[in-house]
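Participant: Copying in the features that Swiss-Prot gives for the protein in this structure:
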REGION    1-23  region 'Disordered'
COMPBIAS  9-22  compositional bias 'Low complexity'
COMPBIAS  86-104  compositional bias 'Low complexity'
REGION    86-113  region 'Disordered'
DOMAIN    232-398  domain 'JmjC'
BINDING   H275, E277, H366  Fe cation binding site
REGION    494-555  region 'Disordered'
REGION    684-718  region 'Disordered'
ZN_FING   1377-1400  zinc finger
ZN_FING   1400-1424  zinc finger
ZN_FING   1430-1454  zinc finger
ZN_FING   1460-1486  zinc finger
Amino acid sequence: MPPQPPPAASASASAPDPAVPAWLRGLPRAPEYRPTESEFADPIAFLSRVEREAAAYGICKVIPPHPRPSRRFVFAHLNRSLVSSCDAPAPSPAAASDSSIPPSSSSPPPVSAAVFTTRHQELGNPRRGRPTPQVLKQVWQSGERYTLDQFESKSRAFSKTHLAGLHEPTALAVESLFWKASADRPIYIEYANDVPGSGFAAPVQLQRKKKQKRETAPMDEWEKSSGWRLSNSPWNLQAIARAPGSLTRFMPDDVPGVTSPMVYIGMLFSWFAWHVEDHDLHSLNFLHTGAPKTWYAVPGDRAVELEEVIRVHGYGGNTDRIASLAVLGEKTTLMSPEVLIDNGVPCCRLVQYPGEFVVTFPRAYHVGFSHGFNCGEAANFATPQWLKFAKEAAVRRAVMNYLPMLSHQQLLYLLAVSFISRNPRELLSGIRTSRLRDRKKEDRELLVKQEFLQDMISENELICSFLGKKSVDNVVLWEPDLLPSLTALHPCSSCSKAPEKKGEDGPRIGSTQSSSKDDSSSDGTACMTGTQSKGLSMDSKQAPEGEKLDTDDGDDLPFDLSIDSGSLTCVACGILGYPFMAILQPSRKALEEISLVDKERYKLSCEKEICSNVLPCSPNDGSSGCPLIANRSSSPVENANLSHQDVKPIRSDISLMGKEFNGTLGKHIGTSCSCSSENTIHPYGDTETPEKKIPSDCPGSELSKQSGRGDVNVPDVEGSEETISWNTGCAFARPRIFCLQHALEIEELLASKGGVHALIICHADYVKLKALAISIAEEIEFQFDYKDVALANASKSNLHLINISIDDEGYEEEGTDWTSRMGLNLKHSSKIRKETPESQEQPPLSFWGLFSKPSPISVVSNLKWLCRKARTPYKVIGYASSPDVVATPDKVKPAVTKTQIDTSGNAHENIGSEQTLQQDCVLQESNDVADMCKRPKVNDQDGHSLINIPIAVAEYPMMHQVCERPVSVSACDDPICSFDSQDSPTTVAVSAGKPTREQCGAESTELSTVKQFLDNGLIAEGGSMNFISNHEHLESDNATSVCKDEQLQVQQDQLAMVLCNNPNTELVAGELHGGAASSTLENEDSCGNTSYCSDTVLKNSEPDTDDQPETCDRSVVLVTPKSSCDQMISSSDRSCSLTLDCPVSTDAAFSSEKLSMAHDLMGSELQAVHNSKAEVVASLTDVKGAKLNSIHTTQLPHESPSSDFIISEGAQSASTTAIPRKNGTSMHTESNSIDILLGVLADESKVSSGKDEVGKASLTLMTLAGNDQSADDVTQDEVAEITDPSHGFCSSDIVSRSIGSSNRTNIICYARRKHKRKSGSEFNINSPQSLGSFVRSPCESLRPRTRPAIVEDMTNETKTAEASTANKRKKAKVEAFQCDIEFCDMTFETKAELRAHQRNICTDESCGKRFSSHKYLKRHQCVHRDERPFKCPWDGCPMTFKWLWAQTEHIRVHTGERPYKCSAPDCGQSFRYVSDYSRHRKKFNHY
């Protein structure tokens, strides 16, 4: 408890009234209503009518037609309600001897006097000692107990002190003083809130209902008084929650503050914090007597904005939204409405005087304070409009870790059927009353009935959707009374003790009267025995019409419907569901996948549970396994493993899906006569059949043993249906309860992981409710589209399953089950988000949308991080001619992938995959060109055949009009490359060198191939990454053609690219040089008798400068067998690359240099294709900053002199591929989509001589279309950045595109701004939202621009170049700066921190305190550290302390020393702590 400062000095009598701030004077006033006598007779109908207008303010005032009750009336009935508690404490001596209380009231009160406790409230901001936020006020129990007269006397004395300067204080003047005091030095006020009781007299109707005798003598004086008339009206807060038409009428239990009122006794400046009501209910507040009370409110539709303003401006903005909701729920946040108004949040004010009601509406935040001593009362109710907020309110309450109090569905159902009249004549259509009151009542009831029928239809649709799944086939009926233990089903289905009603200022304080509900019961849906449940229901036939009360209590539930705790909590959203719920448990396969990380813990847990839940079987069972439940007489409570057979035609509810495990399941683990915690499975049929055992050597048997799941038997498939085994022994696999909506989502989520076991349960009253719903639909002429669902009574095993699915009392989510592991547990997920706000992983279900964002976000803002703020400007720097292609607008059509495969007579397979969310267009060749391209399949002498692979050149994903051609790829005879070998290793064939014009016609000398090297450090699941370096000349053995040149010269410092197409091959070549650059494409028009149409040679001109080092050319073809590719696609990391070693021959000789390749770690997607038995994968590898490991080279024998050219990429070029295939088979792929993307990337160059030099960069991105390649796979691109070690610059985006002119293609160069500041969106490329069907910007797949990584130059073949990858930045070594002051050994990262430290300033960001001595600064560091150097010297005491004075005070606990004694005469009190002594002197003025 913080020390109390002395009371504020009395203001001068001549002090002027405080100036009213402009924001306060301009606040709009909430509406007020004055109902007539007839309107006042039905509060729910009246409030439902005014709610349309008043809800826009969030609050309103209702002035009753009766005068306010007298002070004597209120005090008499309030004292009576307070002393009704048997454990009412006596008033404290301190309160009785308070110097501020007059002598007449300081005498000890009688034993029977009503007393109550209070709380201390802080008002003001401390100047020091407490960091922000200062909107959170301290509230603690005072420990004092007062009678009403004592507290009134103390309050008047306090008001006289603080309002002495105001002659006649107005409401605005007091409000100005309050908000001024909230910013000044703290003062402490007392407030008695959440005191159970009422100032109303018990209504006569309630007394008759309870068969109580009226008290004639004491009540004669109150008869016909204003208080008596108001108490016997429907506005009595003791009956408002149970008023006809209120949805809270049928809440099972009496919850103080909700269904029964609570009293609030305040003094001047007693405040209540910003808050909303529990479950966002309506509240009705009545001020009995005393000073006014001011309210401020924000409408419900602006609640999210208020929460965000408080989070940012009140809590500093560093708090997670869920955590800020929890802090708001503590009801200690006091923020001026001025902050809200400045941030655009509307707010209104209202002044409540004695005898007036104040109504708050759902989701409306409100705050307020008292102008002096007063006594108020509050309770909750709900109009039909509350149903719009009920669901989200329940979820929000669960996120704040509060137990639910009610089920909105159950309350809706019971209220709707309560409107059914007992008189059958009123069910006939056409009979309408002419009374205005009755017509309004019918309108109110019509809304509830429509909501009821609509909810019935929605639940029916969910049931029908669920029954269409394979995981569930029927619905069972259950009742809470039928569970194995009546204490198993706890209130609110969470089986934990109900939370006490939280009042305006936080948790409920101890009061003089205990809660009206039993401590063993819970809140809104507390568990009730069958007798209690039936006692609350009312038989319509037994209620005579003469006993029908004025409060319409005769409209109770018909058909013996009972109010019980049949609602269960959904694990995923925290809502109490009714009447349908689903019990889910993942299948064994799904559980093993979910628990992959914690697999060992899962096994041990299962085995432990099995050992602990083994039950003996009867000796005469005659089987080693668990017998059928039909042969057992044990009770369901003692069974940990149950089986059953339901009545036909319903299938067995507990069964084992044999298909799920391919019919191979484990046998019983135990061979003795015992059963495990698993359910024993038996066949379904009219007669019992013996269980079918599975041999121990089957695969499933071993799996069963490993996973700890025994007693699993496969039923006879021919004579019985499949059954499901529920794992009831493993804590990780425990069945959990979900609402139907989230159960469907989870079922779909687990469908791909192995499936889920499901059981739908329905409350037994649903059968009656359905019959009543049909009658209501006929009455209001509502189209009731309902599909009948087969229902069956729950068996004993069903009841046992329900019982173990319900949480035990006090159950806490510790994250040990499958729901927490998958992020499906709302409480656990919110707990994790509170503990680790930086980890904001989005759960897979939809309910987190309520809390993940402060306000609804549009689609555009959702995509903000997916693209750059503005598209990078570009300019056309040249064009490439292509005489073979003529692009016309009428030949542009959307791209649809079509793959045609011809392998030795195999059937052709055409598969079309539509490209979604992209504007892809391809250009069709003209007719004459198409004729030229038609070539027969040519098989070489060695059996090689061609595979026509289409190639497209375009910028991705900016798909413009592009030109695409087929590429001839031949098969390979190398057994390593064989597609028929499923286990063949994979290597890469690389042609790297620096071609020259003289080498074009030269004879090939020798073939050099490379040996694969597998880097285990970069292996993804199911795939491998091979790094190969080739340092030999790769020359063609068969040069039969003469190159024909077509040269394109571009200006210096710019990109030079040449694009030339021939009938079967499309080549894209790009060159980048710092100096004069030129690019020459040499292509052969006439084809020889080779297996490829043309040979391509890229010539690179040397730069003018001699000191510029040579750059190496790199190119890669990646091919993988089908089996390996399957593993890659199924892998979670699909960005792995597989390679294949194939022989290479070409007409050009290339000199090779260093080759560095690395796996692209930036989340690019692997592009895969299945071609019949083979799968070809093209994946680009990152060569920038790669770590190379042990690169070796070998030579493989040259298979054929006519081997096909595979790939050749110059130092700054991109080229095409030719892949041979074995056995003379051919594979032709024709596509109208963009299947192979080639782009050349170059980053901005560092200026060395006043000019921007574009550095060496080259990229080949190839995707081979396949017959089962999905559209999404095609859209994912592989990107790499290449760094020239000789230049200090990175490559940027330079993409060559074929754009739709008739015979030329523009070459576009992107100009990057220098030193462009990186936005936060550039670092979110790996976000899960970036995957999927979102549209990416052109440079979305690029890594964030970082400083260039340095790649070491390799001088020999075996040297490994070590460099960091682009996204792993090299961290600069942090220099430590040490303090040189004597006896100080602290070090700092920066000199600024060191200088501040030497000036005796704390360097902690949240502190910044200044000290007079360095010694004090060093001692202060304990505040920010976990060091506790001082230990208690007492033997056996483990206490440690940060401060010496704390150790000294603690020692007094052991010694009993009380060194501080009061010096006032006749006091003599002694104190252990100086704070207690100081507080005592200030309180009693003992100086």
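Using N, Cα and C of the backbone, Cβ positions are placed for all residues, glycine too.
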Participant: Let me know the DSSP-derived helix, strand or coil state of H275 (Fe cation binding site), please.
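Facilitator: Strand, per DSSP.
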Participant: If H, G and I count as helix, E and B as strand, and all else as coil, what does DSSP give for H366 (Fe cation binding site)?
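Facilitator: Strand, per DSSP.
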Participant: Which one, from the binding-site residues H275, H366, has the smallest tally of other C-beta atoms lying within 10 Å of its C-beta?
Facilitator: H275
Participant: Within 10 Å of the Cβ of E277 (Fe cation binding site), how many other Cβ atoms can be counted across all chains shown?
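Facilitator: So the number of other Cβ atoms within 10 Å of E277 (Fe cation binding site) is 21.
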Participant: In the zinc finger (1460-1486), how many residues does DSSP call helix, how many strand, and how many coil?
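Facilitator: The counts are 11 helix, 4 strand, 12 coil.
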